[in-house]
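Following: one structure in structure tokens, then a few remarks.
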Amino acid sequence: MNEAIIQLDHIDITFRQKKRVIEAVKDVTVHINQGDIYGIVGYSGAGKSTLVRVINLLQAPTNGKITVDGDVTFDQGKIQLSADALRQKRRDIGMIFQHFNLMAQKTAKENVAFALRHSSLSKTEKEHKVIELLELVGLSERADNYPAQLSGGQKQRVAIARALANDPKILISDEATSALDPKTTKQILALLQELNRKLGLTIVMITHEMQIVKDICNRVAVMQNGVLIEEGSVLDIFSNPKEALTQEFITTATGIDEALEKINQQDIVKHLPANALLAQLKYAGTSTDEPLLNSIYRQFEVTANILYGNIEILDHIPVGDMIVVLEGQAENILAAEKALHEAGVDVSILKRGA
């Protein structure tokens, strides 16, 4: 089991504006293991960006303890590192943002080289390093292009290369794909996954999109109004969300609400027979491999009319949603429900026949 590379314990962040006190982050504890791709999701104003800025102490917390890669960096209300040690620690933490923050008058390679200006490498070593970084992000052929000559995705690749210039152990992505189109977003996420695998890079993803969490992360924390309301593996959160906000994020990411709206307009649902019911089946892991609907027909003579089905792979484990009309004798449907529960399927009755 990997050890925690980032430990944020009981973090409070309070701002004072004139006569107002704003509690931006309230008693948040998050531990992120080495090699994680860890998502922090929430709407604007949830406190997620403010929280992650304490990792490299761009924002000092009001209270709490911060440990990064085994070193206590903040405790008892003050920074625990010398100025030199803090600078070195910050070199271990790269950041990328929604806005690429590239220098318009410098080429792609010059933008990456700028991050090495305080490095102890020789001029030749720096040049080789820049070439390697641009190759790593798939942009070596654009080394001499200026930002104005690059697409949004290419600019973000330059920003990623620059963030990796000092060989960080941690990469913080603050809404880094928000300004990109869906195709480019997928390409950037695929690149981040590749960097995670190749370099053992720990990635902290700040986003308001659960789809991104679903595509790339292995763990996720959900924030609301400065409070961490739910945290766990992506599989656990998607298959068994406990908080209303988490459920809202997930239904948006899976499209299940949109599917239900269309399903409810179908005649078979509008005029559901007395011996039928509309049900949502949620299942994960090994239960996706079993021919469960065939089994309940053979055992209980309960038919299943599939109106919607979707299976996705979350952290290498299949997770599925299905909306079906189950039809049969009342006692047989009850027995079929029980059998599905025993097989690890969550059954929600959406409507019963009249």
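Every residue gets a Cβ built from N, Cα and C, even glycine.
Quantities reported herein were computed from a predicted structural model and do not represent experimental measurements.
As written in Swiss-Prot, here are the features:
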type    : residues                               : note
DOMAIN  : 8-250                                  : domain 'ABC transporter'
BINDING : G42, Y43, S44, G45, A46, G47, K48, S49 : ATP binding site
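The average pLDDT the prediction assigns to the domain 'ABC transporter' (8-250) is 94. Secondary structure at K48 (ATP binding site), as computed by DSSP, is helix.
Listed in chain order, the residues near the ATP site other than G42, Y43, S44, G45, A46, G47, K48, S49 are H208, M223, Q224, each with its Cβ within 8 Å of the site Cβ centroid.
When the binding-site residues G45, G47 are compared by the number of other C-beta atoms lying within 10 angstroms of their own C-beta, G45 comes out lowest. With respect to Cβ neighbours within 10 Å, the binding-site residues S44, S49 differ, and S44 shows the lowest count.
Just so you know, the Cβ of A46 (ATP binding site) picks up 24 other Cβ atoms within 10 Å once every protein chain is counted. The number of other Cβ atoms within 10 Å of the Cβ belonging to K48 (ATP binding site), over all protein chains shown, comes to 29. The sparsest Cβ neighbourhood within 10 Å, among the listed binding-site residues (G42, Y43), is found at Y43. The DSSP secondary structure for G42 (ATP binding site) is coil.
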